[in-house]
Every structure is written in C-alpha cells, then in structure tokens.
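Take a look at the structure below.
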Amino acid sequence: MGLQTTKWPSHGAFFLKSWLIISLGLYSQVSKLLACPSVCRCDRNFVYCNERSLTSVPLGIPEGVTVLYLHNNQINNAGFPAELHNVQSVHTVYLYGNQLDEFPMNLPKNVRVLHLQENNIQTISRAALAQLLKLEELHLDDNSISTVGVEDGAFREAISLKLLFLSKNHLSSVPVGLPVDLQELRVDENRIAVISDMAFQNLTSLERLIVDGNLLTNKGIAEGTFSHLTKLKEFSIVRNSLSHPPPDLPGTHLIRLYLQDNQINHIPLTAFSNLRKLERLDISNNQLRMLTQGVFDNLSNLKQLTARNNPWFCDCSIKWVTEWLKYIPSSLNVRGFMCQGPEQVRGMAVRELNMNLLSCPTTTPGLPLFTPAPSTASPTTQPPTLSIPNPSRSYTPPTPTTSKLPTIPDWDGRERVTPPISERIQLSIHFVNDTSIQVSWLSLFTVMAYKLTWVKMGHSLVGGIVQERIVSGEKQHLSLVNLEPRSTYRICLVPLDAFNYRAVEDTICSEATTHASYLNNGSNTASSHEQTTSHSMGSPFLLAGLIGGAVIFVLVVLLSVFCWHMHKKGRYTSQKWKYNRGRRKDDYCEAGTKKDNSILEMTETSFQIVSLNNDQLLKGDFRLQPIYTPNGGINYTDCHIPNNMRYCNSSVPDLEHCHT
C-alpha cells in the first residue's frame, strides 16, 4: 500500500497570506497608539500636543507621524530632545506661541513647513538652519529678529527654502545671503530704511516681494536693486516714504505693482515704460497733482488702475488724462481721478471735464480766449439785459459799475481788451407766481458750470442767509421756489469758467421783488414787511386750523342730534311704562312721602270688590283714598273731600276720607 499525500488547497494559502497582512497592519496601528506620548493625543498621522502648558517637546514621538502640533505652550530652546531630530516622517511642525528666544535646534531633519511666529526669537544661527536641508516654508512673523541677530549667510544654509516670512520684526535692512531658490519674501512691518544692491542679487526665482510698512525712501534704495528680480510677478512697497516710484523695475513678468500710501508727487515718464505685462497698478493716497503725458502709454495689458485720494489739480496739464480716459478700452477699469482743485471744479470727475474749459495759461499761442474788442471800447460796463413780462411787477435793476477792462496779451505780444462779463452773459427773470421765480441766462461763450446764489433782502438791504446752486454749463435756466411773497431777493450768477476766473469781476447780480400773496388780494395791505412775512409763514397753519375746526363742528352737531334723539325716545318710553309713574316727583307728592307696599293702588276710574272662590270677605276696615294726578284722572268732585290739594301740600293727611 503506497503512501498517499494531499496537496494544500490554493485558496487556503491565499487566506493565510491575507490574515498575516491584516495582523501586521493591526499590530502597527496598535503600536502607534501605544507609542503616543501620554500628554498628547494621536489621530492617524497627527500628534496634538498643543495648549498643554508644556515646557519641552514630549519624548516618544512615534515614527510615521507627519504633522506635529506644539503651538501655544511654554516650550523654550532647551526643550528639544536630540531624538526628535531623528523622526524622519515629520514634515510639518507648529511651534508658534511659545517662549523661544533663538532659532531652535534638533528639529525633525525632514521638516518642510515650520511655524515659529509669535515667539521672542532674536537670533538665527547658520548651524540651526543647516540641519533643515529640506525646509521649504519658514514662518518667523511677530518675533524680535534684528539685522545684527541674523548670522551672515544663515538663510542660505536652508538650500530648499521657497517661502520666507519675516513680517513684524525689528529688521533695519533686508538680510543678505538669501537662498537662490526663494520664491516669496515678506519683510513688511519692519524698520527697513536701506536696501543694498546685494540684497536681491542672486534671487532670480523670486516671484513675490512685500516690503510694506517700512521707512524706505528713494535715497535708501540702491540703484539697480530690483533689476535682478527677472521673475518678479508682484511687488508691493506700500506705506513708505517714496517721492517717486523705484527705478529699474523688472518688467519681464511683473503683473501687480502697489505704490499706495507713499509721498509720491511725480512719476517720471519712463517709470512704467518696461512694464508691458503689468495688469494692476495702484497709486492711491499719494501727493500727485498732475501726471506726465504718456506715462501710461506702454501699459498695454493694464486691467485696473487706482488713483484715489490724490490732490489732482484740473488745469491744462490734465487734458491728456481726460482724453485718455475717454478712449481707454472697456477691459481697463480706472478709478479715483477726481478733481481737488481749483475750487470751481472740486469734486468733479476728470473723465467728465470739458477739455476746452480747463484752466489753461492765457499766453497759449494760437488759442484766443475771447473775440478782441475795439480799442475804443467804453470802460463802463453795461447792466445785463432783463426780460420782464409784466412792467407792473416790482424790479430793481442793478447799479452800473465802472471798472477797468482786463487785457490779455495776444500770441504776437500785443494786448487785447477782454469784454466785460455783463456783455457776454444776459440775465433774465420771469415771475412764475408769488413764491417762484425762473432765472434764465444766455452766455456768449462756453462755460463749464454756473453758480446761482440768491438771498432775501431786508429793509436795510442787508443780506440774510445765502442760498446757492451749482448747475452744469449746458443748463440755461433755474427755477427758484419756496420764496416769500412781497419780498426782495438779490440774485447773482457766477460763471465757473476756468478761463481767468475772478470771483468778483465775473459775477453778475440783479434784484427782484416777488408779488404779494394771492390770499391778500381782497384784504388790506400789510402794514409792514414783517406782517406779510408772518401771514405767509402762517398760511399753511391757518388752512389746517380751518379744516380742523370744520371737522370738530360737524362732530359736535352729530353728537347733539344723537343725544336729543336718545332723550326724546327715553321720555316717550317712561310715559308708556305705567309702573314708572310712581317714581315721578308729582306722584310721590300726591301719594305721600314714600310708596307703601301695604296700600293697594288702583289706577282705574271704577272698581268692584268681589269675593274670591265664594269666600267671605275678610272683616276689616278698608280705606279708599283717591290720588289726583296733575295730568288727569279722578276729579276732586268725585269725592266729598272739598280740598284735596291741601293733602298734597301738607305732610299729614286730612281727617275725613272715603270709607267702605
């Protein structure tokens, strides 16, 4: 008999292999849980040791952990054990909010992201960064790092560093010797006043540079400092003390340039000439009054330009900006060009200005401002032409004034006489009603805007509260409403013309008196101006009082009718209800002092006493007493009592009565 052998089934081997894999996985998970420090909490690849008042990093950080949270503790520089450096799986460490005063040693060797902000780090050594060859992102914000506290070439030891954040420290200059592969550098909110030409010499990969909130001036920036940043895409130098944009800005890849909150008062023509890829430019909150013509010509890819809060002076030098704003493509968004001077155009948008009306020098050749007047022109100005529909309406013409005609030098050097303002503007007044006046004017030259003022005059012609209205140059009339009847107003028209504007000489005034109120046509004329004014001011209240009085009168009448009707109805009901008669005063007088319930009162004129159920009448005396009512009933002659009125008038009845 031969030996029989059985072959292990293939599915059994597969089952054994799967069971071994699952067992090893469970063992690894259990080992990790058992290896988690007792003061921490472990969750998969994360170890949470934050906010536990630790003074050192706990021992026993297991291998396989990728993120280590140690922030908001009291860890100092002596609290980093040497074995922590050998944990190779950790790539992110959070250590912000601790008590470090130096850059820590013995950090995990393969860490890539390190958060050290909100400590008190003052010094950074080369040896500390030399341990972190794979460090890519370093956050050192909110520390006490100074320029002398950074060892020369310290950051260069971190050869893989891409992002370096040094915001809110005590740096007085940009550290020299930064890693060549650095892509983003933030040194904002420091005390940097100087940037040497060696600071960015080898940073050919830098794409984002933020130097906001420092003490930089144009003298503190070395020539050619930024020319080496060939890959720079965003440059922000906000809140410094620059008087003009930094020169030699790299234009190969620059897309965003922020220059706001400086002291920039002029921009050279070539400042942006190389920035052909620039898409966003911000020059807000500076001291710019004008711009050199053509300064934006090479910004072919510009998408947004912000120029808010600059003292733009809208004279001849800003004409090209107005023209440029009218023809920019729709893809370009421009904001902030608002005139701050001269006074007559303050608050107007530069885009809406009429280029022919901007304040230009009077000596501009080939551009005569006005038609020359003959040399024999009279020096006396003529009053404005006024068209008044009704001659009976009160109107006081302006008093002619004498002034010397201004002369403007012509382009060939000869002087020409400028016509007076009254000859170039005609003013007319139309009375609409007793409280409204329509003022119209006609100008012989183009005016950018007008200012119309009016004031009510008193007995002494001393002006009161002046009201004014600014209207555009295209408008030729304005209605003055809510005026007081029978009042004199002084109306002045000021052309806000940018050509040699003179507030006194270029003002034309006139006086007009409104009609009396139509409500006073049938009454006597007011004795004084104050009475007319008082009546005019009280007319709305008078009308309201009349309406209110009429309503009250109607309500009183209706209430009186209702009360009378109810009283009449109640009296009729009381007469009809016989049991109420005894309650009247007359009945009580005739019946006695008070009604007695033992007295059977009969109201009929005749009656008969009969027995009930054939029973005998009760023996006793019955006394019949007639009651004589004043409104009728039994006559006193029906009884033998001759004088029953005495019974009513006395409190004791008579001795004689009728008996049965």
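Note that Cβ sites are derived from N, Cα and C of the backbone, with glycine treated the same way.
Going by Swiss-Prot, these are the annotated features:
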- 373-409: compositional bias 'Low complexity' (COMPBIAS)
- 36-63: domain 'LRRNT' (DOMAIN)
- 310-362: domain 'LRRCT' (DOMAIN)
- 419-517: domain 'Fibronectin type-III' (DOMAIN)
- 110-131: repeat 'LRR 3' (REPEAT)
- 134-155: repeat 'LRR 4' (REPEAT)
- 182-202: repeat 'LRR 6' (REPEAT)
- 231-252: repeat 'LRR 8' (REPEAT)
- 253-274: repeat 'LRR 9' (REPEAT)
- 277-298: repeat 'LRR 10' (REPEAT)
- 542-562: transmembrane segment (TRANSMEM)
Chain residues in Cβ proximity to the repeat 'LRR 6' (182-202) (below 8 Å; excluding those fewer than six residues from its ends, i.e. six or more beyond): 141, 161-176, 208-217, 220-226, 228-229, 236
The repeat 'LRR 4' (134-155) - residue tally per DSSP class, helix then strand then coil: 1 helix, 5 strand, 16 coil
Positions on the same chain near the repeat 'LRR 9' (253-274), where near means CB under 8 A and six or more residues out: 207, 212, 230-245, 247, 280-292, 294-296, 298-299, 306
The repeat 'LRR 3' (110-131), counted residue by residue under DSSP: helix, strand, coil: 5 helix, 5 strand, 12 coil
Considering the repeat 'LRR 10' (277-298), which listed stretch of 110-131, 134-155, 231-252 counts the most C-beta pairs under 8 Å: 231-252
Overall pLDDT of the repeat 'LRR 8' (231-252), taken as the mean: 93
